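Annotated features, as they stand in Swiss-Prot:
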type	residues	note
ACT_SITE	GLU127	active site, proton donor
BINDING	CYS12, CYS97, CYS198	[4Fe-4S] cluster binding site
BINDING	HIS41, HIS74, HIS125, THR168, SER226, SER227, ASN228, SER270	(2E)-4-hydroxy-3-methylbut-2-enyl diphosphate binding site
BINDING	HIS41, HIS74, HIS125, SER226, SER227, ASN228, SER270	isopentenyl diphosphate binding site
BINDING	HIS41, HIS74, HIS125, SER226, SER227, ASN228, SER270	dimethylallyl diphosphate binding site
Amino acid sequence: MQILLANPRGFCAGVDRAISIVERALEIYGAPIYVRHEVVHNRYVVNDLRERGAIFIEEISEVPDNAILIFSAHGVSQAIRQEARSRNLTMLFDATCPLVTKVHMEVARASRKGKEAILIGHAGHPEVEGTMGQYNNPEGGMYLVESPDDVWKLKVKDEDNLCFMTQTTLSVDDTSEVIDALNKRFPKIIGPRKDDICYATTNRQEAARELAERADVVFVVGSKNSSNSNRLAELAQRAGKPSYLIDSAEDIDEIWVSHANIVGVTAGASAPDILVQQVLARLKAFGAEEVIELSGREENIVFEVPKELRLDYKVVE
């Protein structure tokens, strides 16, 4: 049995930055550090940070006075940001991915101009809630669509004054279909100058597609609440290959690979490499003899943490 390893896979720049913010806050200020929502959607990462003193909350009211609070990588609404700023907090750090912030700015700009905005995204996802929460113009409107059917059913105030944005972790193929429907339904709608789906999501989907073409079965390392990990598993399934979204190596049943000659392995953008290595070890225990890493797009993007958390930061008195 041979293992093919997708490339790129695992942590993206936004996830790496968010985790680093929590880790450095713990190092500098000590526990407890409060984090609004899971900083990234990965059970291993969240449990590790929790053991080190991070406390994950959903409501700002759960944070005591004089505490340190961090917003997760998914971003928050303007209302939550204002609520946090009104509290007596020692420090407030924003771990929102800069590429999510870019979409927030697009929505805020539309709100200021009075344009109605349509977001392509999954209802209930924290990134979607945060992005929708950037719009506050009562004269306009903010709408959420998930599918072409949603587009055809949508009613807006002014079809000539529309723009759209997308969640950053969507399926590239599915989103393209929704955008096509938007352009047909609303010919004058304006989209972003550059696709809102982030580079990491796009690259990992391209790598997963190649993996699915060559493997007999595909494993995606990632948690069930991870949007981008789910999209990778769906992509492999659409290619006609059995695919499994797994939190850890222990999730793998040997029967899943009993008839496979080639096993594909990839990981969502919030899954650490240690989990991938554990999966490889388990597959080797099941008889895998060779691991081949596929070629793929090189990623060298780095997002800096806030200056107060940088190792070279000095307080000016």
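Placed from the backbone N, Cα and C atoms, the Cβ positions cover glycine too.
Listed in chain order, the residues near the [4Fe-4S] cluster site other than CYS12, CYS97, CYS198 are ALA13, GLY14, VAL15, ALA73, PRO98, LEU99, VAL100, THR168, THR169, TYR199, ALA200, THR201, ALA269, each with its Cβ within 8 Å of the site Cβ centroid.
Among the recorded positions listed here, namely HIS125, GLU127, THR168, SER226, ASN228, THR168 has its C-alpha nearest to that of CYS198 ([4Fe-4S] cluster binding site). Apart from the site residues HIS41, HIS74, HIS125, THR168, SER226, SER227, ASN228, SER270, the chain places the Cβ of VAL40, GLU127, THR169, ASN225, SER229, GLY268, ALA269 no farther than 8 Å from the centroid of the site's Cβ atoms, the recorded (2E)-4-hydroxy-3-methylbut-2-enyl diphosphate location.
Shown in sequence order, GLY14, VAL15, ARG17, ALA18, ALA73, HIS74, GLY75, THR168, CYS198, PHE303 are the residues of the chain, 6+ apart in sequence, with a C-beta less than 8 angstroms from the C-beta of CYS97 ([4Fe-4S] cluster binding site). Using a 10 Å Cβ-Cβ cutoff, the residue listed as 'active site, proton donor' registers 25 neighbours. In the structure as shown, the Cβ atom of SER270 ((2E)-4-hydroxy-3-methylbut-2-enyl diphosphate binding site) sits within 10 Å of 32 other Cβ atoms. Secondary structure from DSSP puts HIS41 ((2E)-4-hydroxy-3-methylbut-2-enyl diphosphate binding site) in coil. The number of other CB atoms found within 10 A of the CB of HIS41 ((2E)-4-hydroxy-3-methylbut-2-enyl diphosphate binding site), across every protein chain shown, is 29.
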